[in-house]
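What TrEMBL says about this protein:
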DOMAIN    B:54-364  domain 'AB hydrolase-1'
ACT_SITE  B:SER160  active site, nucleophile
BINDING   B:ARG230, B:ASP361  substrate binding site
ACT_SITE  B:ASP327  active site
SITE      B:ARG329  site 'Important for acyl-CoA specificity'
ACT_SITE  B:HIS360  active site
There are 2 protein chains.
Amino acid sequence: MKQSQRQFPPDSVGLVQPQTLHCDQPLLLANGRQLDGYDLVFETYGQLNRDKTNAVLICHALSGNHHAAGFHTAEDQKPGWWDNYIGPGKPIDTDHFFVVSPNNIGGCHGSTGPRSINPQTGKPWGADFPNLRVRDWVETQVFLADHLGIEQWAAVIGGSLGGMQAMRWALEYPGRLRHCVAIASAMKLTAQNIAFNETARQAILSDPHFFDGDYAARDSYPKKGLSVARMIGHITYLSDDGMGQKFGRELRSGSFERGTDEPVEFEVESYLRHQGDAFSQRFDANTYLLMTKALDYFDLAREYDNDPIAAFRHARCRFLVIAFTTDWRFSPLRSREIVDALIGANRAVSYAEIDSHFGHDAFLIPNRRYSDVFRRYMLNICRESP
Amino acid sequence: MKQSQRQFPPDSVGLVQPQTLHCDQPLLLANGRQLDGYDLVFETYGQLNRDKTNAVLICHALSGNHHAAGFHTAEDQKPGWWDNYIGPGKPIDTDHFFVVSPNNIGGCHGSTGPRSINPQTGKPWGADFPNLRVRDWVETQVFLADHLGIEQWAAVIGGSLGGMQAMRWALEYPGRLRHCVAIASAMKLTAQNIAFNETARQAILSDPHFFDGDYAARDSYPKKGLSVARMIGHITYLSDDGMGQKFGRELRSGSFERGTDEPVEFEVESYLRHQGDAFSQRFDANTYLLMTKALDYFDLAREYDNDPIAAFRHARCRFLVIAFTTDWRFSPLRSREIVDALIGANRAVSYAEIDSHFGHDAFLIPNRRYSDVFRRYMLNICRESP
């Protein structure tokens, strides 16, 4: 099929093309190391208005990238990861907003990361790529905003790890955003969350094809370790209820007949293995380690005497906080802590707790109330004068 | 220290010694295969009375074994796995009961299992050891009861997978037990539970030292895979709250100071890795696979038209069901399903839902109300005439 023949849905942004911005200024990282320069791949959807007041920044989560909406080719079966919520007439309405969606550095989809060539050695960075913290991403996003001439975002928006970036923007660059939308996020991870991340990392680190992160140079890849890591993650992004409704105890093959030795396979097992396999083919193991560490390390109020209220007093924007009832990895409790701290800091915050069976993944999935609340909040942003 | 010098606590059963029972009758397994014979290692605590009416059977869970109480040597630092609940004056009171605690076949602590020699080949069974179902264990326990001359157990008791065995006893041999105590158990696993088990299995299967289960013959061992499997399990046996209280975000080493590249390690990471390592040194990977499969396959009512009420109508004993509030792997919901089915089947059931921060592990840990309820229930068994 020729691209011109493909009919995209009317609420799709249609064909999109990534751009690359090169930064040749050194970036001093939170951990003291320095990147001499970096590439930032990003996509944009919609039109920047003359006053440059309608720009929205999308911050992605652990396994996300810059391709948040639309299609790269007419043959693409799947649109970008947040296509349910970005497009004409959708909550992040590209008829009104100019949407900017970068791939974070440290990632594996074009922005400088462990797969990139380390200019000092001429070889892929691999495990030697610096550990990043959420604030480092914010710095690169500031560079991107400057490049695009965007002095102030109408909103900085993110789910999960993306919400952490949005909140960090609100504290570090209070004058540069009018709204912060933190969805299914948290001010810091719990011990259980860190424990799941560490177990996933151990699955990767203990794969003999990992070679201490130097797998690329050895033409190897820790596929199985990354697959197990993803399986762990995937279960925890779904809810017990949701999995029960989707899979129950349905068998994919085999039987429980007495006297049969036929191996039994449950649907949920086959599904999970498929998810793990597919992910391990498209994602980079060093990036997975880096992203989970950034999640673990994030602690919004650490540098504010561990006082979230004191932290949020630095913010000047308004906030929308959204959580999902069955999300146990970033539970509504964590979102309510954000809300409570914002109220304590006398900041305007709207909070919606959405009923959903889809656990943490709910922030990606169509949901009537979520969509309505999100759309109305964003529409009001369009109507306000900056 | 000489054994004679060691003072055991007065409520300990003290020094105990495992015994081995050999069965040379063939055991036809649920999957149609046959074991030509097997060894059963077990311990006993307390004295069997003249009428043999005071015997209690302990069924162990995934990683348990026959050593449920007391000490094997005077030097042992740790007693058996359920020492908190078995001993003089404890809920399973050895002043009143004769307690029998076998290691299940398929295990790795002396009873015939994947580490044993397959008489047909003269080599360790390894992965060729037959898949077992809960009912197979019940059959071996019947053989043990017959050997000990126990026509009817005062109670068959188990937590988790052990509770599944206790319930299977109640349905298959209704005349041979007066009480069934199912703690932190379920009539069948949920999809989420199966998913966690499958992920743990994949961690083992993808370890190149696993050699399709034939590691013993190759002088190898899938230590890292088993360690990751245990880490996955361990997180899910604890509660979010409990982990938060025990570890929070405490650091074991490193620092979050700006500009420091020192690697950060959270306490919870180090703890989990230690748990995984220690477990992988004392447990057998093929046994882990076999036990998790037995858990997944168990479905109390499968052969009763999937009707738990119809299933429990076969039982004649009384039931005690106990669940723990923060247990999300075998949640109180699952225990309430057992209770509801028992009520539907017009069977006597007592149910206690115990407040605890310890998740699924709570069934092993001292807890005042759990202990009180359990003790009183068991005391009443002593007083009744069989």
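Placed from the backbone N, Cα and C atoms, the Cβ positions cover glycine too.
Remember, predicted model here, so these are calculated numbers, not experimental data.
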10 Å Cα neighbourhood of B:ASP327 (active site): matching recorded positions from B:SER160, B:ARG230, B:HIS360: B:HIS360
Mean per-residue pLDDT computed across the domain 'AB hydrolase-1' (B:54-364): 96
B:ASP327, B:ASP361 as recorded positions, winner by CB count within 10 A: B:ASP327
Listed in sequence order, residues with CB under 8 A of B:HIS360 (active site) and six or more positions away: B:SER160, B:ALA184, B:THR236, B:TYR237, B:LEU238, B:PHE324, B:ASP327, B:TRP328, B:ARG329, B:PHE330
Nonlocal residues around B:ARG230 (substrate binding site), in sequence order (Cβ under 8 Å, 6 or more apart): B:ALA200, B:GLN275, B:GLY276, B:PHE279, B:SER280, B:PHE283, B:TYR288
Neighbour tally for B:SER160 (active site, nucleophile), based on other Cβ positions within 10 Å of its Cβ: 27
